[in-house]
Amino acid sequence: MSTWSAPRRPCRALGLLLLVVLGFLVLRRLHWPRLLSPWLRHRQSGLHTKGQNFMLEDSTFWIFGGSVHYFRVPRAYWRDRLLKMKACGLNTLTTYVPWNLHEPQRGTFDFSGNLDLEAFSQPASRLLFWVTLEAASILQSQPNAFGFTSSWLLRDSGMMLRTTYKGFTEAVDLYFDHLMSRVVPLQYKHGGPIIAVQVENEYGSYNKDPAYLPYVKKALEDRGIVELLLTSDNKDGLSNGVIDGAPVLATINLQSQHDLQLLTIFLLSVQGVQPKMVMEYWTGWFDSWGGPHNILDASEVLKTVSAIIDAGSSINLYMFHGGTNFGFINGAMHFHDYKSDVTSYDYDAVLTEAGDYTAKYVKLREFFGSISGSPLPPPPELLPKTAYESLRPALYLSLWDALQYMEPPTISEKPVNMENLPVNNGNGQSFGYTLYETTIGSPGVLRGLVRDRGQVFVNTVFIGFLDYDRKDIVIPLIQGYTVLRILVENCGASTTGNNIDEQRKGLIGNIYLNNSPLKNFRIYSLDMKKSFFQRFSSSAWNLVPETPVFPAFFLGALPVALSPLDTFMKLEGWEKGVVFINGQNLGRYWNIGPQETLYLPGAWLDQGINQVIVFEERAAGPVIQFTETPHLGRNQYIH
């Protein structure tokens, strides 16, 4: 598979990598905030390097870590995942802090609920984890390029992301001003768990501006970051990702033992004798719609992890637990063909998408237990699963009938891309769908640039698609004037290569009928946030007809008699769409696979009646089924 053989992975958005390290201290049963004064007397040098070793104060320190992204895991399950990590023998937790989720509108910040970074650090500290932050990282494969493609950033037509372009650095400075006010008190030398900060991730593969890395380093230091600084790169970018003349430790990302040897030799040549750290050892890979489910054999993982540690290197497992791309936060790859990532971020990681144990977990726990020097705690029991009774949606609302309940459309002579729509307090649209309507009076060839996938309708009759491969479509003979509709889906921003500045979505520029540009558009923003569905009154819904008109919303009720449990939704007979449970966006489904079920956390269900809304684009099945086990496709790619 070409994407696996190319270690240059999808770029990661400006975010923060939290690297949490277990401290083997006497304070095992105590809560660290109560002990700040005694601890501070012993917190002078923090995590630093001494020859080939990491040192925490005066003790040699090895980092054995794993990645868990808090925004991909229901908040109620954070502690469960960290307990399972500790029982595996790991002493390091890494996570990203997604800029686009924390600052959905310019200057408006959200650190509540499942985005509560400080709350996520609390179970880590109670489990004696330390923390390392990665600032200005580019997230590999996902959440919509993690902030680099926030709609309000791309409203600037001249935007140059990951550079010292004034419009970008002003945005970074504002974000860092807010974020670092939360982070600085959590640093090790201030009595908290943060022991290091990563300046960038895989910037060497991008390398558009030599002044950018020094800018980020200074931006962190100016805001009070005093812990060890790091960078991280794969083999394609390592030579360009090192910050010259700066006390910043370079680390490496890889999958193969062959890369380990090459990269460590290079690091020795550029920074001398320093501790070796594989910041990301890729335990699996993410999946794309229409592709195989990627598998990495557990024995191969154990062999490589053992080789990395035998080589004297610290290690972080990316991912220990992948979780789920809830909502629309998945990204995409665009090497040669555009490929949107699936909702599941199972990643074939050490824990499954639902937090269950795997063969990798068993083998790695035995391995880390053999070198830990003390018995590991027992693994927590698995969270129970259930298969609820099948659900038959009772009510229905076609998209065309729903338009009357929407906010008034944007009226524009020309098409406007999602990011530049005058919605969300002038911040544009970052996720979901956008509907473009105009009037035409003749048949012909419709041609235009659509990002990412546009369904074309004449009145309410589906005609076909426009996307990366299909750039034109024949509009059939019509009588008189009629409504042309193009429903465009943002399938996820490409986080690969050098085109991250070009991730605007919707209709890009003019769209032509018989080479003449169409004009006078009505444009509806269908971001499908919670407030979107609150516009639908109970009287808006109708009984499901024998022959529904698509696209359409389907409404049903899931009764839960006892305490809610995890389950998986199976939409057999449905084609493509999005599922919402009690207002929570579970994510996309698509019958082309490889993902065949959607993970539904029991923590998001209520005892009693739960609202289920399905937005289906093309064809609805008779029922929604539930199962205790996920289905990730029969076609598997074994690395």
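Residue 1 is the first one shown; counting continues down the chain.
A Cβ is built for glycine as well, from the same backbone N, Cα and C atoms used for every other residue.
Annotations in TrEMBL come from automatic prediction, not curation.
A quick note: this is a predicted structure, and the numbers were derived from the prediction, not measured.
Now, the feature entries from TrEMBL:
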type	residues	note
DOMAIN	53-368	domain 'Glycoside hydrolase 35 catalytic'
ACT_SITE	GLU202	active site, proton donor
ACT_SITE	GLU280	active site, nucleophile
DOMAIN	428-527	domain 'Beta-galactosidase 1-like first all-beta'
DOMAIN	551-610	domain 'Beta-galactosidase galactose-binding'
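In this structure, the C-alpha atom of the residue listed as 'active site, nucleophile' lies 11 angstrom from that of GLU202 (active site, proton donor). The local packing around GLU280 (active site, nucleophile), expressed as other Cβ atoms within 10 Å of its Cβ over all shown chains, amounts to 27.
A simple way to gauge crowding: the CB of the residue listed as 'active site, proton donor' has 28 other CB atoms within 10 angstroms, across all the protein chains here. For the domain 'Beta-galactosidase galactose-binding' (551-610), the number of residues in each DSSP class (helix H, G, I; strand E, B; coil) is 3 helix, 33 strand, 24 coil. In terms of DSSP secondary structure, the domain 'Beta-galactosidase 1-like first all-beta' (428-527) contains 3 helix, 58 strand, 39 coil.
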